[in-house]
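Asks: Pasting the relevant annotations from TrEMBL:
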- B:12-35: transmembrane segment (TRANSMEM)
- B:42-62: transmembrane segment (TRANSMEM)
- B:68-88: transmembrane segment (TRANSMEM)
- B:100-122: transmembrane segment (TRANSMEM)
- B:151-168: transmembrane segment (TRANSMEM)
- B:189-219: transmembrane segment (TRANSMEM)
- B:231-259: transmembrane segment (TRANSMEM)
- B:266-285: transmembrane segment (TRANSMEM)
Amino acid sequence: MPTHSSVPVAAPFRKLGMPRYHLMIMLGLAAVLSVAPFLLYPILMIKILCFALFACSVNLLLGYAGLLSFGHAAYFGMSSYVAAHAAKVWGLSPELAILCGVGIAVLLGCIFGALAIRRQGIYFAMVTLAFAQMVYFFALQAPFTGGEDGIQKVPRGALFGLIPLADDKTLYWFVLVVFFACLLALYRIIHSPFGQVLKAIRDNEARAVSLGYRVNQYKFIAFVLSAALAGVAGGTKAIVFQLATLTDVYWTMSGEVVLMTLIGGMYTFFGPIVGAALVVLMQNYLASVGDWVTVIQGLVFVACVLLFREGIVGFIASKLKRPL
Amino acid sequence: MFDLLGIPPQVLFSQLLLGLINGAFYAMLSLGLAVIFGLLNIVNFAHGALYMMGAFGAWMLLNYLGIGYWWALLLSPLMVGLFGVLIERLLLRWLYDLDHLYGMILTFGLALVITGLFRNFYGATGMPYTLPPLLTGGHNLGFMFLPNSRAFVIASSLIVCLSTWFVIERTRLGSYLRAATENPALTEAFGINVSLLVTMTYGFGVALAGFAGVLAAPIYSVNPTMGSDLIIVVFAVVVIGGMGSILGSIITGFSLGIVEGLTKVFWPEASATVIFVIMAIVLMAKPAGLFGRSS
């Protein structure tokens with residue numbers, strides 16, 4: 001399998017360590033996403049972008065560190081609550097509100113991450129799920145979250161206090177910039193020496209230990225980075241939809257995002273984006289069938305695990321014989 | 001009567017009883033999870049949904065066929081167990097050579113399907129299941145009133161848990177099971193049909209969940225999501241106890257139920273999260289779990 005070092009790299013992007021075909025995909029993605037709001041409902045596109053970030057955060061752990069977190073709703077949801085609270089009650093501008101959300105996600109990620117990495121495999125998944133459920137109960141009882149009602153009518157405010165975000169198109173461009181900034185940062189992290197060590201841990205933890213790597217420190221940092229990214233997604237979502245509710249912290253959300261990663265391809269960089277787009281579109285077009293959405297999602301889960309484990313992008317990557 | 005820290009004993013004991021009942025469910029469910037995990041290496045996420053199916057099974061038997069509680073205690077777990085056999089033969093069978101995570105993801109999907117289907121047909125609101133006449137009423141123990149239905153739940157859960165322990169640890173069939181858990185290939189070489197054992201084990205573990213569901217039917221209301229939140233608490237119980245030991249699962253289940261009940265008396269707001277906090281403490285002090293073998 002060709003590694004990216006053997007592929008000719010466009011000079012300005014050598015620092016990013018991005019092979020040309022990845023660059024083409026990024027540019028293609030940017031082009032499609034720039035045209036999309038003129039063809040599709042911008043709010044739907046923003047929803048896709050937020051969930052794509054969220055799915056990427058899960059995939060940083062699952063795909064690159066081999067850790068299945070079944071509790072990422074905790075970071076997504078709490079960030080969404082704190083961002084909504086900061087924007088509505090403290091009157092902060094949207095970028096600061098989102099930063100507050102990311103702050104709480106990082107804090108939670110530090111606490112739960114430090115504890116969860118003490119167990120491996122399925123225990124790790126159960127521990128993260130249990131902690132997320134604890135956060136859910138907290139959100140259910142804490143006064144500032146508004147219980148069953150959630151935090152509604154969050155003001156979108158003005159970016160840096162200058163650019164009002166009330167218009168959906170303006171908002172879309174803002175989210176698109178956030179999305180690409182995070183995506184490039186994530187790309188850099190995954191293709192850095194740090195990312196290589198993560199993959200080594202994923203493939204054979206004992207070997208990484210014997211090579212002298214402090215495996216737990218790497219896992220911990222990956223966990224916190226992943227929680228932070230989930231926080232960006234959650235905070236942005238709260239500002240865009242002007243709403244933070246219990247749905248965002250509930251375990252079904254954690255499951256949904258794992259499904260997105262799985263459909264897209266969990267060992268690929270671009271897979272979660274595709275998966276998120278598909279799941280969000282599916283929910284959007286199946287909204288009329290009510291509870292059947294849950295059944296269909298469950299069936300997709302089962303079918304993916306049995307028949308299509310590599311996911312869509314993973315399948316394409318194996319056909320092209322290139323990592324995507 | 002005496003007062004404990006300003007709390008009347010009736011309140012204390014009735015909460016303890018409620019805790020013990022919750023503990024009975026934790027014990028039965030985590031026991032099933034442990035047995036399944038031991039042999040199949042799969043964390044059965046569908047356990048909560050199958051527990052719900054057990055409760056619905058009892059409800060359907062009563063309302064569609066007029067079959068009462070006592071027969072339901074036998075028939076409903078049997079149906080859930082058969083359903084489990086189908087799941088194992090049709091779906092789980094293909095996952096044994098893969099990473100354990102796939103088993104968890106697949107059963108998560110199953111849980112969504114089962115819960116979703118029941119919600120479509122029966123709605124999200126609970127349905128009452130009337131107590132059989134034998135279990136109504138109760139006894140006054142002097143310090144508290146003990147309803148028969150609750151005493152029955154605790155007693156039957158204890159009996160089922162301990163017989164499971166006995167079968168696995170003290171009988172020939174159990175020795176096959178333990179051998180297959182330790183080394184399936186070698187066990188097969190001795191002429192034991194491990195594949196059948198695996199199917200039966202899954203069926204049995206799931207039937208335990210179904211049995212718990214029938215016990216829960218008259219106490220809690222029967223509704224499609226009754227297992228969804230419960231299963232996550234049971235996961236925490238399993239992490240605290242470690243899945244290595246049968247008796248460990250039973251003891252951990254009951255004691256955590258009691259701890260939860262006591263928390264409800266002294267600090268009600270924390271009762272929903274106390275088990276997760278204990279999990280965090282156990283992870284710090286003894287990561288493999290109280291009864292777990294460190295891997």
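Yeah, the Cβs are placed from backbone N, Cα and C, and that goes for glycine too.
TrEMBL labels come from automatic prediction, so no person has curated them.
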Asks: Considering only the recorded stretches B:68-88, B:151-168, B:189-219, B:231-259, state which has the highest number of Cβ pairs under 8 Å to the transmembrane segment (B:42-62).
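Replies: Most Cβ pairs under 8 Å with the transmembrane segment (B:42-62) come from B:189-219.
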Asks: State the non-local partners of the transmembrane segment (B:100-122) in its own chain: residues 6+ outside its ends, Cβ under 8 Å from one of its Cβ atoms.
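Replies: For the transmembrane segment (B:100-122), the sequence-distant neighbours (Cβ-Cβ under 8 Å, at least 6 residues beyond its ends) are 40-50, 52-53, 56, 87, 91-92, 223-225, 227-228, 231.
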Asks: Counting Cβ pairs under 8 Å to the transmembrane segment (B:189-219), which of B:12-35, B:68-88, B:231-259 comes out on top?
Replies: B:68-88
